[in-house]
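Let me begin by presenting the structure, written as structure tokens, before commenting on it.
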Amino acid sequence: MIEQQFLKQCKEKAYFIEHQRVLLAISGGLDSMTLLNLLYKYQKELDIELILAHINHKQRIEADQEEKQLKEIAQKLGVKILTSSFSGVFSEKSARDFRYNFFKKVMQEEDCTALVTAHHADDQAETIFMRILRGSRLRYLSGMKDRQPFGGGELIRPLLEFSKTDFPTVFHFEDASNFENTYFRNRVRNHYFPLLETENPRIKQAIINLGTEIAQLQKALSDLTKDLNQTDLQTFRKQKREVQVFLLQEYLEKFPDLQLSKAQFDEILHILNTKANYHHYLKNQYELIQDYQTFKIQKIGPKSDSKKDAILLQFEDIIELDNFCFSFGKELVGGVVQMIPVSRKTSIVLRHRQSGDRIVLNGHHKKLARYFIDEKYSLQERDEAIIVEQFNEILGIAGIVTSDLSKNSKRDIMKDILYIKKIDR
């Protein structure tokens with residue numbers, strides 16, 4: 001029965017109308033083998049050509065044999081299959097990143113315009129519930145979308161409206177690790193949901209319905225605010241805070257790899273409402289640029305000679321810049337020039353001087369330009385000086401001076417050290 005429902009849904013939602021070569025992610029489990037059977041059966045009706053992609057995670061002794069069998073199945077079906085083996089330290093995140101990077105690579109090499117995965121309704125309920133437990137923002141409780149941009153094409157999840165109990169019995173591999181509670185998703189699936197189902201046997205559907213309502217609410221708010229210019233400061237500041245939050249969240253959707261914390265989001269909101277002509281470094285090599293009329297977020301470009309260039313240090317990063325080695329939290333041996341107290345709660349910005357820079361020295365704010373003049377630094381030395389900034393405050397200048405803000409032991413948040421070592425080149 002699922003076959004006809006599946007075909008009907010694919011046609012009604014026009015999943016493949018713009019796609020000819022389709023990449024199917026296949027693990028060998030019941031979900032992906034069911035999807036393989038469905039897409040293979042309806043290739044002509046959907047006017048698609050299938051290509052398979054499989055990742056061998058190398059975590060079970062059966063993994064190599066399963067990869068071999070999948071290749072044999074693909075050969076019998078006359079479908080091309082490409083495989084890759086995971087390498088590195090295994091975790092849920094590292095494995096997921098490896099998979100999707102491989103899928104992007106295959107899509108490009110094989111000229112595929114769509115990646116298809118076998119996520120289903122049970123996965124959707126688990127995902128929403130996991131996000132609730134992690135304290136995700138409301139918009140992310142809408143769950144996975146059945147289609148979204150991916151790898152220059154589209155990611156399609158055509159089984160999201162089907163429960164695993166709807167799947168027919170087909171040849172597949174059973175992964176014994178799915179029954180172990182080492183990973184968060186397994187604990188949700190094997191422990192939390194069975195407990196919740198004793199209170200409400202339809203808890204999964206209730207969670208999915210909640211996600212659907214949230215998605216509808218987000219869509220309604222988006223439609224109601226579509227005529228507002230999100231990046232016009234005058235328009236933005238006229239809105240109530242609740243509307244500002246929504247507008248900023250909508251704008252940040254354009255940068256999926258930015259991943260701001262709530263504190264970082266609130267900091268941007270504060271800047272947009274109080275600052276003018278402002279330049280603020282975020283994370284993951286993004287920056288916020290604000291003038292008197294508008295603001296924008298953009299990726300920081302490759303390093304050049306511009307004084308506006310900046311480098312972001314995350315906790316435990318070690319880098320060499322000009323004539324210095326900077327180590328965030330890891331002690332350097334020998335020849336340490338400076339030790340600046342910092343916080344691991346956000347990144348450190350290394351940059352050159354900017355107009356209006358101020359530093360706290362001897363208990364007073366002092367213009368950086370005046371400090372350089374008083375200390376008789378040459379113009380070249382001023383231009384080459386590396387500013388250490390965190391929480392929008394200058395904490396020091398590499399090899400020159402440390403701000404009182406950083407020295408002040410009463411700032412309990414500054415419990416880590418940025419080590420700066422002079423390099424002889």
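Placed from the backbone N, Cα and C atoms, the Cβ positions cover glycine too.
Under the heading ATP binding site, Swiss-Prot lists SER27, GLY28, GLY29, LEU30, ASP31, SER32, citing sequence analysis as support. Counting Cβ atoms from all protein chains shown, GLY28 (ATP binding site) has 22 others lying within 10 Å of its own Cβ.
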*Taking the mean position of the Cβ atoms of SER27, GLY28, GLY29, LEU30, ASP31, SER32 as the ATP site, which residues outside that list, in the same chain, have a Cβ no more than 8 Å away, listed in sequence order?*
ILE26, MET33, THR34, ALA118, HIS172, PHE173
*Tell me the Cβ contacts of LEU30 (ATP binding site) under 8 Å, same chain only and six or more apart in sequence, or just say none.*
LYS164, PHE167, VAL170, HIS172
*Let me know the most crowded of the binding-site residues, choosing from SER27, SER32 and counting other Cβ atoms within 10 Å.*
SER32
_Those binding-site residues listed as GLY29, ASP31, and which of them has the most Cβ atoms within 10 Å of its own Cβ_ = ASP31
